[in-house]
Amino acid sequence: MSTVTTPSAPKVGFVSLGCPKALVDSERILTQLRMEGYEVVATYEDADVVVVNTCGFIDTAKAESLEVIGEAIKENGKVIVTGCMGVDANVIRDVHPSVLSVTGPQQYEQVVNAVHDVVPPRKDHNPLIDLVPPQGVKLTPRHYAYLKISEGCNHSCSFCIIPSMRGKLVSRPVGDVLDEAKRLVKSGVKELLVISQDTSAYGVDVKYRTGFWDGQPVKTRMTELCQALGSMGVWVRLHYVYPYPHVDELIPLMAAGKILPYLDIPFQHASPKILKLMKRPAFEDKTLARIKNWREQCPDLIIRSTFIVGFPGETEEDFQYLLDWLTEAQLDRVGCFQYSPVEGAPANLLDAAIVPDDVKQDRWDRFMAHQQAISAARLQMKIGKEIEVLIDEVDDRGAVGRCFFDAPEIDGNVFIGLEEGSTVQPGDKIMCRVTDADEYDLWAEML
């Protein structure tokens, strides 16, 4: 009697670097591979081939990408490279000539085909019986997911090379976005994080064309998209919002509890001179007035932003202007980066004085200390208040979660002590009272 052995599934290792947009690209590739019967493994040693999704936004990200590619080659030998750094394939091949394939961002089919070339899918695989969840493969915890609504960007910020890597704005059909959101919610997702290169430009490229979802007309526009997402009964958080005038239309939705009162707006600087050099909107006085107006309409509004210090041409006067602006703006969550030249960025050609590295570091230190004091004071005002917390982790010390003013990975946490025998699990939403705070985090007790 002969024994029939079933061939094992081909195995793929995957490393995803960079921003949430790249993470969504990775999820899409992995979903396709899983549908074709590939098994995703967690170690280089177990993989038949390794895919590295790179980041190429700044030099440190490129260095990390090259390092990870080298590590994958050393540990496995068969490496496929994709992502933003892939647009400059020669740089990758000069350092790592043995890579099997190099593709740029959003080239999903080429990546899958490259995997096929190295390790073909099983011929006997039946995709109709494969256990790929309806929402696809996700690299985030089950209770939150990134929802990418567009690709590319129409802006020409002088420090950025995103348009050259990801192209001009291409908005996803509104029906497709809402169908994906509905599948995610049905699968148990409690928080949708809306992302793109420029979320508030959604629909500009198609002139806000009217689409259809659930038999109803819906404009391909951020306001209408948020209205529809807000009807799904989950947290909806907006990231990468460019401060267009129509952002004002979102504040009533936040005040009414339809979407989270949270805006992630990368202002980048406040000095009119530096903003002009960056090719960013230079209406910092109007921005302060808008922030004041937003908070009058929605007192719970949380504003997150990112800034760059040490940009070419930045003087001490410009930097002090930025600190004074921060004092006026009273932003809740802030990140700061020291300017780093990016190959191919227009800023490299500016006729402006280069800021020395030691001055950049000094300004970064002062910026962070200044904003920490603002953040600490604003969080102190939360003590004694009742908040809803979405639980991310539970261990023997208690639970770690986030309330509406905390995005995962980039903002603070809420630490909660739990009684013995507690049934609280990741993904639960619980009501808590804030008992303490520091510069970034809150401590709370369960109600």
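Each residue, glycine too, has its Cβ placed from N, Cα and C.
With C19, C55 listed by Swiss-Prot as binding [4Fe-4S] cluster 1, the candidate from C84, C153 annotated for that site turns out to be C84. For the domain 'TRAM' (380-447), the mean pLDDT of the prediction comes to 93. Across the fold, the C-alpha of C153 ([4Fe-4S] cluster 2 binding site) and the C-alpha of C84 ([4Fe-4S] cluster 1 binding site) stand 14 Å from each other. Considering other CB atoms within 10 Å as the measure, the emptiest surroundings among the binding-site residues C153, C157 are those of C157.
Cα of C19 ([4Fe-4S] cluster 1 binding site) to Cα of C160 ([4Fe-4S] cluster 2 binding site): a span of 14 Å. For C84 ([4Fe-4S] cluster 1 binding site), the same-chain residues that are 6 or more apart in sequence and have a Cβ closer than 8 Å to its Cβ are G18, A22, T54, C55, G56, F57, G104, P105, I162, M165, R166.
Its Cβ taken as reference, C160 ([4Fe-4S] cluster 2 binding site) is surrounded by 23 other Cβ atoms within 10 Å in the chains shown.
Report note: the [4Fe-4S] cluster 2 site is defined by C153, C157, C160, and the residues of the same chain whose CB lies within 8 Å of the CB centroid of those residues, excluding them, are H155, S156, F159, I161, I162, P163, Q197.
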